[in-house]
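As structure tokens, the structure follows; a few thoughts come after it.
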There are 2 protein chains.
Amino acid sequence: MSRFSNVAIVGGTHGNEFSGIYALKQWQSNPAITARDSFSTEHVFANPSAYSANKRYVDCDLNRQFDPKLLADYSLANYEQSRAKALNQQLGPKGDPRVDFIIDLHNTTSNMGPTLILLTLDMFNKQLAAYISERMPDAIILVEDHIEPIQHAFLCSVGKQGVIVEVGPQPQSVLRHDVMESMQEMTTHILDFVHLFNIDKVPALPKSITAYRYKETLHLPQNAHGERIGMVHQHVQDKDFQPIQPGEPLFMCFDGTELAWQGDYTAYPHFINEAAYYDNNIAMSMANVFTLTV
Amino acid sequence: MSRFSNVAIVGGTHGNEFSGIYALKQWQSNPAITARDSFSTEHVFANPSAYSANKRYVDCDLNRQFDPKLLADYSLANYEQSRAKALNQQLGPKGDPRVDFIIDLHNTTSNMGPTLILLTLDMFNKQLAAYISERMPDAIILVEDHIEPIQHAFLCSVGKQGVIVEVGPQPQSVLRHDVMESMQEMTTHILDFVHLFNIDKVPALPKSITAYRYKETLHLPQNAHGERIGMVHQHVQDKDFQPIQPGEPLFMCFDGTELAWQGDYTAYPHFINEAAYYDNNIAMSMANVFTLTV
């Protein structure tokens, strides 16, 4: 695997996720923090208009616009569709990009702690995951490899490699000290690892770690008119990445009915009650747990 | 004190505070829950356009528009300024209102638990506070009587009497099961108390309870250009209504400097890091604690 020459740290892909935006400001005023000898680091503010509007996005979710088909469709011309094309030009183009590694910084209102989201499980990502897990025992490794990286619609899929640093819980438009520190810590470890990888000095790593793999998305209960008729049950609220068995309560309907987890497997819910997903009536994602062999 | 004939429960004064909005929906479809024999109950959705836009407000904060001077100024004509005049007509007019009692339902991103906000400390409110405190030991009684009720800009000041039910923590645009239950419980107790008061059957109450009185508002640290240079310190984050002594850390600046509480009294911070107050660069409010003698 070739070395990484150009690393981009991206913040503000969603305009009301403040940790990445304020982390960028700090790093821009003190570039030494994110500089490493073996690569160049650039800082990219992805969605400044959404930040100015204090919203996740102006017209549509920027972090769903990097599917190659969408990038190639010039009839898609609203603000985020245009930003995606500009960022693809700036960092990519996707498939043959200038930037070797993208770290995209995100917050969630869900209680996910510091989560590293990987789009694929190649040797580099496995070692990175093990390196992070060892240094941040509370960190979650979440793999979203249900589609090929090139087909992903996430911003970080534009680079040769890319990861998402997702830290919660933090309400939209709030800056929490603890969440900020957690995001900076994980980002620093990632930069350190890329540097060690570049100079062929990856330290001894754990042989295996616990990781989670995205499996499916669950929606809030609705009636025939598409109106929400229930909410996430307090039995699972805040319990991201804790196991839930078939039959355990998942939703509380407003009429008092409890709805149970109907799957046929032990699931690890995450993005539980994420504010931004209400647009699509999404309640949470479900994952499997697995042992990642490094 | 005369009895209460008309009670209005108001939700959605802020469009992204979901508990009150969804509570109203439930009560509207099952009015028996909020009905009591001694008064009529009406349900009012204060800011439907802000809810449709999934925002706190469309043009300006509706819950700051009920100052008599603002209500009388017909040149103030944006959406919330117009809604305020319409609500004043519907529930008031302020000073000589049709509605005797307003319960205005709110959420905060701050860790305030179930908080009952009172605008004055007359005998009715003292008894109400004691009644709530006894039934919900975790409830906070917060008094904002630094100005006369008639001068308050809050929606609930339009009624002969009015209170705010403020429950957190809940991110904007999220519906938490636990927060919903807490709001419904407090509202039910308030309705019960109004009924008992009306029929002259107020039960024996605690002689005194602990309460808090608003004292001042603190802003986030800014530089000379008005840019935010720090955040709420994790030493106080989530510790609403816990005492802070002069000299204890309050803010963490992005350059690593800690800023301490500079006041000359033991303060009880609340609305700590409330997302909605970032518009005005507000970090938190400070209160005194006192013993409320009933």
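Including glycine, each Cβ sits where the backbone N, Cα and C put it.
Feature annotations, reproduced from TrEMBL:
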{"type": "ACT_SITE", "residues": "B:E166", "note": "active site, proton donor/acceptor"}
{"type": "BINDING", "residues": "B:H14, B:E17, B:H106", "note": "Zn(2+) binding site"}
{"type": "DOMAIN", "residues": "B:6-193", "note": "domain 'Succinylglutamate desuccinylase/Aspartoacylase catalytic'"}
{"type": "DOMAIN", "residues": "B:208-287", "note": "domain 'AstE/AspA barrel-sandwich hybrid'"}
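For the residue listed as 'active site, proton donor/acceptor', the Cβ neighbour count at a 10 Å cut-off comes to 24, with all displayed protein chains included. For the domain 'Succinylglutamate desuccinylase/Aspartoacylase catalytic' (B:6-193), the predicted model reports an average pLDDT of 97. Cβ atoms within 8 Å of the centroid of the Cβ atoms of B:H14, B:E17, B:H106 (the Zn(2+) site) belong to the same-chain residues B:G12, B:T13, B:N16, B:G20, B:R56, B:N63, B:L105, B:N107, B:T108, B:A276, site residues excluded. Neighbour density for B:H106 (Zn(2+) binding site): within 10 A of its CB lie 26 other CB atoms from the protein chains shown. Note: B:H14 (Zn(2+) binding site) has non-local neighbours B:N47, B:A50, B:R56, B:Y57, B:D61, B:L62, B:N63, B:H106, B:N107, B:A276, i.e. same-chain residues 6+ apart with C-beta under 8 A of its own C-beta. Applying DSSP to the domain 'AstE/AspA barrel-sandwich hybrid' (B:208-287) sorts its residues as follows: 6 helix, 36 strand, 38 coil. Secondary structure at B:E17 (Zn(2+) binding site), as computed by DSSP, is coil. Straight-line distance linking the Cα atoms of the residue listed as 'active site, proton donor/acceptor' and B:E17 (Zn(2+) binding site), rounded to a whole number, equals 10 Å. Remark: B:E17 (Zn(2+) binding site) has B:R56, B:L105, B:H106, B:N107, B:Q170, B:Q172 as non-local neighbours, by Cβ distance under 8 Å and separation of at least 6 in sequence.
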